[in-house]
Amino acid sequence: MEGKEYLFSVTACNKCGPGEPAYIDEPVNVSSPATVPDPPENLKWRDKSAKGIYLSWEPPKYDGGSGIKGYNVDRCQRGTDKWESCGHAVPELKLQVSGLTEGQWYAYRVRATNRLGASRPCRATDEILAVDPKEPPEIQLDVKLLAGLTAKAGAKIELPADVMGKPEPKITWTKADLVLKTDDDRISITTKPGHSTVTIANTKRDDTATYIIEAVNSSGRATATVDVNILDKPGPPAAFDISEITKESCFLAWNPPRDDGGSPVTNYIVERKASDSEAWQKLSSTVKQTTFKACKLVAMKEYTFRVFDSPGAPTKLEPSDIAKDSLTLTWYEPDEDGGSPITDPPWAPGKPYIGDIAKTSAFLQWTKPEHDGGAKIESYVIELLKSGTENWVHVAEDIPMTEHLLKGLMETQEYSFRVRAVNIAGESEPSDPSDPVVCKERLYPPSTPLWLEVINITKISAELKWAPPEQDGGSPITSYIVEKRDVKRKSWQAVDTTVRETQYTVTPLNEGSLYVFRVAAENAVGQSDYCELEDSILAKDTFTTPGPPYALTVLEVTKRHVDMKWEPPKNDGGRPITKYVIEKKEKLGTRWLKAGKTSVSECKYTVSDVVEGTEVQFQVRAENEAGVGNPSEPTEVLTIEDPTSPPSPPLELHITEASREHINITWKPPAKAGGSPVTGYHIELSEAGTEKWMRINSRPVKELKYKAEEGIVPEKQYVMRVRAINAIGVSDPSEISEKVSAKDPDCIPTIALTTQDIVVVEGGKMNLPVPYRAIPTPKVTWQKDGIELKADDRITMSCELTISHLDIFSCKHGDAGVYTVTLENTLGSATGTINVKVIGLPGQCKDIVASEVTKDSCKISWQPPDNDGGTPIVHYVLERREAVKKTFMPVMSGENKVSCVVKDLLINGEYYFRVKAVNKIGGGEYLENRNPVITEEQKQRPDPPIDVEVHNPTSQSVTLTWKPPAYDGGCSITGYILEKIEKDGDSFERCCESLVPGMSYTLMDLTDGNEYQFRVRAENAAGASEPSLSTAMVIAMDPVDPPKVSLKGSLQYGLSLKTGGEIQIDAWISGSPYPTVTWFRNDEPVRPETIKKRQDKPSARKKKGKDATAEPEVPYHPSLTERLSFDTCKKGEYSIMIRDSIRSDHGNFMIKVENLHGVATASCKVNVLGEEYMFRVVAKNRYGCGPPVDLGPIPAVDPKGAPTAPEKFHYTERDHPSPPQSIVASDIKSESCYLTWDAPEDNGGSEITNYIIESRDASKKKSDWEKIATCIIERRYGVSKLETNGVYQFRISAENKFTITAKNIAGQKVVKVRVNVLDIPGPPKELKVSDITRGTCRLTWKPPDNDGGERIQSYFIEKKTVAGKAWTKVNPACGSQSFVVPDLIGGEDYLFRVRAENCFGMGPLIETIQRTKARDPIMPPDTPTRVKIRSVTKNMVTLTWKPPRHDGGAPVTHYNVEQLCWDPSGMQKESWRQCNRRDIEETIFNIEDLNEGGEYEFRVKAVNEAGAPQIELNEFMEDEQGADIQIVAKIKGCPFPTLTWQKAPPHKSDAKADVQYDEHINKLVSDDSCTLVIQQGKREDTGVYTLTASNSLGKASKEMRLNVLVIEVKDRTIAPEVDLDAAVKERIVVHAGGVIRILAYVSGKPAPKITWSRDEGPVPQEAVVETTAISSALVIKKCTRKHQGIYTLTAKNEGGERKKPIIVDVLENEMGVGDPSPPSKPILAKDPIVLPGPPVLPQAVDKAKDSVSLSWHPPRHDGKGRIFGYIVEYLKVGDEEWTKANETPESCPETKLKVMNLADGAMYKFRVMAVNAAGSSEPAYVKEPVKVEDRLEPPELLLDANMARDHLSMVGTLITLSAVIKGMPFPTVTWKKNGADVPPNAAIENLCHNKRKTCTPSDLEENGN
């Protein structure tokens, strides 16, 4: 019978009868087959931490029919689906889980295990964060300390405190607001978890204080205080005073001691001492007050008084070390010191020890003095001695401890140190000096490696692992040393000394031996100590046979097989499981037999070797490499048979509980299972008195209990029954249960409030539901704040069966309060309370105010509303409105602050602002300002001017200069006020009535000899500034300067002029006082005289006779003094002029200047030439006169001597050469071109020496010709520095030589004349701008290369704003090559130019290229001030600060906040990192995501536009030879940096040299970039280019590697081609002595062979032939007429032969410069347009059956011209000719084209060419041929968003179902409904690629899928 236990026996029988029976060991309980248990229940957790958690649970309701063996706990980490075991199975209902990862989230579950296996897991917990619990600190002091602690001096005191908190709090003791330190040997602090104690030994009076203990952790902070009072002797009285002195007495008074020793002073001792005595006489020792009258004094005698407590006698005086001539005494100090300490200076401290040394610092340590002199050591003094010197220097004082880090030392300097101790009596003697030490970086060996462990061991090897050392000693770890030792031996054996990693496998090992291992780290300094393994390791394999499998479960039993499964063993023995062995044993057998084995490690098996009707057991063993392990727990005894019948009915059905809603029942399993396990139960219900049974469970019930809820009607009676289920069928019903009524039992009222705090929104409905349980139904009463509520229009009350309601409509703030509900019935009553809070919109803000108004911003502030609506204000909304507009614009939203700086306002604009508060309910009413805010610049008075200086003082004037103020007050400076004061004057007086506009001024009307001081005020619209600093005293007196005189130009070398011309001699004079001037002629002074009246002379008489002729009349000339005049209109210049000069005016003219300090002279020889005459001779015969011949002009001068008369004197006038011919401009680019020309047809009879080239701007009608070259010898010239897109004309002049030839009978003499042409100077060089401020800048330059043959007298500087058009002269003259330009306007951009002047005039100018902005130099701003921590939370800190005092010359743009976080353990290095991800514009910032409990430091940096240089430059660039290369670098930095390019060979990057700029390579600089331009790059340009940028704030460099490729194109043979250079024509004319140079360019494949010939013969021996790969040149220097002829160049290769003849003529003549050639045609200066590069990456992007769509990228090079379009061509595979897809490039302007009319299925190739003005580019090909066919795409169906879920529609409405269909070709679309065709009323629409189905109208039949 089921439930009973039976014993069984078996007897064997044979022919002789039965044998002895065999009995089973234990009785058998006849019950249902056992199963796995139900899941455990009620899993709970507590005591979580960062590493573990405590779990507990309840056992499962059903153990499966077998006892629970244990529980398995699993955990699952967030982000994974893998459940991991928390350890071995536990028998208890609890587990402490460990091994968690801090900061991770885990869920937990539990499974129960019986002998049949593990149950399903219980319901998992929610995810739980593995963190330590957080509890705020709590401090508990000892009860004795609460009232304070009092002790005598010298005693020992302890201050214990218990401290709790999680995490463990950090404890700090402070004394009088200072952290208590333990550097005093008397004080010690002992801290351990939960407790901290301060111990003070040998207490002193100074220990009296309030001691504070502070405990801080991430959860909070706690403090406690202890008042400590140490009693000691009082201090000396203070403020001693003597008054009321008479001849016999005086009155003494004093103040009590500052320190009474901790208790009141009892009495004072008063003593006196006469001046003639050394003894003190006690006047009184019992004085109670602080006054005393000293009597019985002797008149006229001096006394000294003192008040104190006299010291006692020393104690315990003992002798020691007694010798015949010495002994040592020792004693104790007296108990009483009389109020004054008994002290001496301390002894010397110990010898300093250098604990650490660095480049500029040293860490010193020393010991205290052996004796402190009787007083506390107050501090120490450090002295140092430099090696090589003798003087010790004080370097540090007031050092409180016996160690100090001394900074500011010099690197590589050797020092010695010594220390002095200081107490109240003074300094000690110095200590012994330390050992000398040199300041340099000290390196150490590393520390010991950490955590050495063996992670794997075999019989021949061991795998070690360790962690790096904590300290690397300042030098990186280079390697590790690994050693091993057999424990039987004493010596260590090195395994490897070059290990780089922190893991190593040691091999070989001897099997069975014990080993220990150790590891050391090594750096450049040395080796660390070893880290040794603590335990020895046995060399053997560690794997074993596996453990037993578990949870062996029988799945099915039939007469032919048994199915079973199991779980793998928890221990695999160290090697993977290979298979499982299944064993069986008959019920009465004793041996386990092998029943099979798995082929793999699968945990299930079907045993087919079974015999029907037998009873057997099974067990499983696991097998690995080591063998077969222990068996699992065996199964129950199984009968090998098929299931036979349904089970019997369940037993003992009982009703356990009933209510109005449910009935609970229990039962026992059936007595018989029918040969198959019971799989569940059916529950049936019937109303009492009827036979209508209804099954109320939807699926079989597994448990032996059930809660019936379905079909229960309250107040009715029911009966129930149960049926059992197995694999065969359902059993008969159990016995019917007893009748039960569905009603609740009577009970007193109980209330279950879901919440006690209700929040209601104002204006909404408040519903207060109160669930309750009470039978019979109770009476409900509601009260508010103790007053009973009554129902009305707003209030309704209702009561249902289990819940009571209170509803209030349209809630008001007055409805908030405490509501009480009372329920009462016959059994009792219950009361509950609910707190109701009514929240609503916040009130209106208050007091909106505008402040800090500027021209474009203002600050708006307001006060929070009085009523926040019952919930905190979340944020504020600020809006603005222009007065001329009606709409408001948002300014601020989402920020909870009561002020806002509004930016980007219009200048002089009027604005209204309004603000409202917002809580979580919404926004309140706006508050608007009444009066508009007007944005205007807030004007202030400027700062005083700076750098006021005095220049050029004279007796009556002085010149003042100054610089503008640092701050102009917000508006421009209108002018300056100058003030002066005389020496000993009372006040400053204004020098001029009007304002001075500039920053320099000359003051006049000073008094000679007086001393003055000057100062300047700046004035703007707001008023005048404070005065500047006064200048030093200046005396008004003329400077002492001897006279100086010099003649202009070449007058010092003499003056020659023709008769009748004007003699003018100009002189420069200087001197102080201004000198007097006297002119002399031939040492005789000359002065102008008035013209005298001419006297009439008698007429000349005629001679008588035949030959008598009239005497010629002598012309009249006024005397020299009458024709003389002086010009003194310019100070510093003096000129003498003689008009209508005559021959007799010649002579030596001298100017003499003199003043009080000296005399100076200068002279000039004047030669007046006679008249010039022309002569003509005419021959005459009888037919008349012939043509005349002219001679002259011949000057009428006296001969210098009487030379021998030549036989024939011939004077030949040479002529100028004719203009050069055929000017050609070639190779025209954007900034340069190349000029060539032919020689002039006529050289003027003399050799052409050089050519002069001039240019003009052809775009202007009137522009001057400017010389660009004057000494050109060759007939070609490269013009550079042209302006892009400028139009120019050029003209060229030839110049020859002048010669004079004299010939007589003795021969001929030719003299060449060297002509020195004096001219104006050239332009200055290297003009630079520096020292820029907003009012001045400094210009520097170098003198011109050509001074025009005369001394440079001065330089003239001009300036111009970039926006302006007119140049303004800056100075009258400047003699040096540097000048400070004043009076600049701040913020303006300027250009400057300088030209030089000599006596012939001003030369050409040099102009700055880059614009110069007048502004003060910009430097980084100062550090922000007053950085404060406003608030601190567990993970956030709020910082505030003030702007820096100086912004560096530019506004602060933003701030950066940095934090320093350090690890208290020292494991991590300290480092600053930036906290803000965006720029901070305000002076407040929240630093978030901090670690709770962490310690941080913060700092703030201000940022303006100043900064060190930064360079952005690509690291590599590659281009082809011949291409123009541009290396572009982006530049940042303020001030803008100086840029320098350097080049180094590719393989020698260190061999850098500055790049030399010329026509081939140049540098372009813009505002933010620097470009290195290489024209027509060559292979030689390959290299490493370095750009260096430097300014005052730093320096930066960046390298770029350039590779110029030479691309060789192999092609077919090309015949030679010969082209002459542009400068060479087919006929060349060269002057004798010149150079014949013929240059020709040769091409061809292969390279042609080149030969030269002349007149079909060899070239002259003097000819030099220079041949390169592309050209050949023939050169003959100093040619003569024998070198002329026809020269032929022959080029020959496999493709043919080419000849080029050149005719060369050599002329012999010499003369001067001819007229210039006609101007050339205007040319446009721009780069030539070449063919563009090929398009990039052409590809086929789409295709159809007759078309292909192509796309590509534009070419990398456009050929310096615009791309007009593209030509696309296609080629059918198999054809030979390409076909154009578009006829013109204009028809394809974009980078795509669809090629049409292609053959379906054919293969095509495609290519694309770019077209510009120069032509078509090389083609770019599509990589692969393209097959023309329709593109295939599989169908794709995208449902409408509304169809992604169930579609609901009301009957009678329109149903629309949409889907997007894709596919090529377009798919066939079919709509189905539940697998069938759609209804006939459905309409299907095709909308391009969409399909839509519409059904109308809808009905219930349209439901479906």
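A Cβ is built for glycine as well, from the same backbone N, Cα and C atoms used for every other residue.
Note: TrEMBL annotation is automatic and uncurated.
The domain 'Fibronectin type-III' annotation in TrEMBL covers 39-133 (among others). Mapped onto DSSP helix, strand and coil, the domain 'Fibronectin type-III' (39-133) counts 0 helix, 42 strand, 53 coil.
Mean pLDDT, taken over the domain 'Ig-like' (137-229), works out to 86 on the 0 to 100 scale. What TrEMBL records for 137-229 (among others) is domain 'Ig-like'.
Feature annotation from TrEMBL assigns domain 'Fibronectin type-III' to 236-333 (among others).
If you look up TrEMBL, you'll see 548-642 (among others) marked as domain 'Fibronectin type-III'.
Marked as region 'Disordered' by TrEMBL: 626-648 (among others). DSSP labels the residues of the region 'Disordered' (626-648) in these numbers: 0 helix, 7 strand, 16 coil.
Among the features that TrEMBL reports, domain 'Ig-like' is placed at 749-837 (among others).
According to TrEMBL, the domain 'Fibronectin type-III' annotation covers 844-938 (among others).
Taken from TrEMBL, the feature domain 'Fibronectin type-III' applies to 944-1039 (among others). In terms of DSSP helix, strand and coil, the domain 'Fibronectin type-III' (944-1039) has 0 helix, 41 strand, 55 coil.
Annotated region 'Disordered' per TrEMBL: 1085-1117 (among others), in sequence order.
The feature compositional bias 'Basic and acidic residues' is assigned by TrEMBL to 1085-1099.
Positions annotated as domain 'Fibronectin type-III' by TrEMBL: 1219-1320 (among others).
Here TrEMBL flags 1323-1417 (among others) as domain 'Fibronectin type-III'.
Feature annotation from TrEMBL assigns domain 'Fibronectin type-III' to 1423-1521 (among others).
Residue counts of the domain 'Ig-like' (1509-1603) by helix, strand and coil are 3 helix, 58 strand, 34 coil (DSSP-based). As annotated by TrEMBL, domain 'Ig-like' applies to 1509-1603 (among others).
Residues annotated as domain 'Fibronectin type-III' in TrEMBL: 1734-1831 (among others).
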Secondary structure tally of the domain 'Fibronectin type-III' (844-938) (DSSP, helix then strand then coil): 0 helix, 48 strand, 47 coil
Outside the region 'Disordered' (626-648), six or more residues from its ends: residues with CB under 8 Å to it: 2, 33-34, 115, 543-550, 552, 554, 557-559, 562, 564, 566, 569, 573-575, 581, 583, 585, 587, 592, 610-620, 670-676, 678, 724-732
Residue distribution over DSSP helix, strand and coil in the domain 'Ig-like' (137-229): 6 helix, 58 strand, 29 coil
When counting Cβ pairs under 8 Å to the domain 'Fibronectin type-III' (1323-1417), the leader among 39-133, 236-333, 749-837, 844-938, 944-1039: 944-1039
The domain 'Ig-like' (749-837) and the domain 'Fibronectin type-III' (236-333) contact flag, 3+ Cβ pairs under 8 angstroms: no
